[in-house]
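Presented below is the structure to which this report refers.
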Amino acid sequence: MSLPSSDFRNIRNWIRNCDRLHTNCPPTPNQYRQPHEIPSWVLDIRNGCIVPGSTASCYVALSYVWSTTESEKLTLELWTGNLRQFQKSGFLDGMKQSFLPEVISDAIDLVKQLGERYLWVDRLCIVQDGRMKRSEIENMDNIYSGAYFTIIAAASPGLYVNLDRRHRAPMGVSFFHRYLYDKLLKSKWATRGWTFQEQVLSRRSIIFVNGDVFWDCRNSLWSHESPGPRKEAGEGYDAYSQKQIDNHEMAVTVPSTAFADFRLYRELVCLYSGRDLTYSQDVLSAFMGIINELSHTFPGGFVGGLPVLFLDAALLWQSFSKGKRRVWTQGRSEDADLPKTNLPSWSWCGWHAVVDPESLHVRSLEWLRPQMRTKPIVTWSVLSEDLRLERKLPESRILEDYCRRFLDWGDWDTPPGWSRHDIRYPPPRNSTWTYCDTRSPKLEPNLFYTFTHISDPSKLFCHPIPMVNPGRKPTAHPQNWPYLHCEATTGCFKIQSILSRKSSAQVKRKEFRISSLHVPFTSLDKFHGGPKGEELCRVVSLADADGQPAGLLRIMDDDTEIRSGQEIELMAISLGSMGWDETFSSYEERIDLLKSADYPRMEHSFVRDPPSDDEDGTGSETAPLTFRPRRAAAVETDHSRAARPWGRKGEDYRFYNVLWIERRGGIAYRKAAGRVAREAWERNCGEKLSVILG
């Protein structure tokens, strides 16, 4: 099957127009890049062999997955034993049709037709049994960001699948672009772990999905419905097109920001975490290119996939739907030097689960939720696999120091490069509110100032944050050190009841329609519609030794055995606070309060085991509302602000963020996370103990 002539003309025009109009899209030529930024080998299409990457002025990269029909086929790969053969001119020409998957053969033909000479394909350009394989894999950020463009092969089995569109009715540009990305998200390619960073790190891509091909770069999305650049009055080329794809899942890129953008990190993790991997131990390697890119602006770097600067907030991640622990997969010789404990329970990378975006917030930096705070109470260290080496993580306390100085103490001696502005007057034109999900947040009456940094005056902050000095080498903490260590208070609590989805209940469906693609990534079907009913996480309500309600946990693993009356051990990792609106809308408290998980498209009912008195129809006032004093049952169904106990007084819910831990051989493993009311915790916790989290 060949590429239709109209699509071939479009692709040539897309490349030419992007080169001409988008100064920030084309990569730096190889001759101006550092040696470690260039792939070791690339495929020379003209001579039918591999050559050193340093000899190519530019190259095209391929992102693909094995077709199910070809997964068992004998395929040609680069090994130490055939490295010399691969370098012989014409070697690949005779072998290509018989021993290469159709998708690679199609990519070779496309590159040749477009007049390019060099192609990078992992199986043909990385020595599969070489000692350098892992370092090459961890260099993916440079390989894909340095490609002239990337071919994303989301069609199956080859690139040119059903590209004859003569009998299809035309669509509007906005609707058609959404249609294209929906097709991409439903492909097998979009379920695989390695392909995520390949797309995110690529500056520009030619994307093949079954029946269509389109262009996606940092500035534009072009398709046969909108085959070229268009000029909007006063906005420049393709401003309209970019508005239509802004914030869409597969349009995510890693922008060149000057500050540690935790919101971007949250988005990337939530979109990646639920993807599939053949070898579970690759979960961080397949994300390492993104981590390397983010490390340039995150002081302190990363440990276990979590940013050290925001460690206290990142440790509070929760699963959006049920998940399971990732288990080490046997079968590869190159994994022999990796620690078998590199899938820690305290990090999202240790679980095959979609991370809930609502669980990841930097409370002290959000304009919309200024009453929400997460305050560190422990000092963290990272430990080596043999527990002999320990490295402190002082950067994890820097953010709290900034928060105290500029929010609690009112220190106006701003750090170099920062400026203070009175927000009672109009903010700078075209400014955006950093760390918020909207551009016009409702400000806290007690906050009168905003801050900007010289690197990007359009970004507004509620207080200064640590910045990485330009040119400074990113902090490199050992990613394979699997343990966290701290001194923390622990306490024993009992499971009071278990709230599970009522399987026999009717699911309430809601009408929903997205009018354009200019929506937050949380509005995509994966997050906006909510999980399938059977995938909703259970919630556990806790009681102290006296039987008094204490807190709530979210249970994301069905394999976790829980029963009413069971005694469990918790450890406190930080202090937190929320107002009524945040408490009422949070997953655990809403289920405990209303026995309902409510999403914009769907509402699910939950049942408590054992049922409380009010659920038996007795009208008792003993409903286990763990986050506020018990009130009459009428309060649970009256949502008016007058009925909210702290709505009139401005009271906040104050709590400890806790982990349910299970100790094995002196190591504590996370089983669940949640909150315990501050008074309940301080009545029942013990002295500080040394805890090693694995």
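Placed from the backbone N, Cα and C atoms, the Cβ positions cover glycine too.
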When TrEMBL marks a stretch as region 'Disordered', which of 403-431, 606-634 is it? 606-634
Looking only at the domain 'Heterokaryon incompatibility' (59-198), report the model's average pLDDT. 86
List the helix, strand and coil residue totals of the domain 'Heterokaryon incompatibility' (59-198) as derived from DSSP. 66 helix, 12 strand, 62 coil
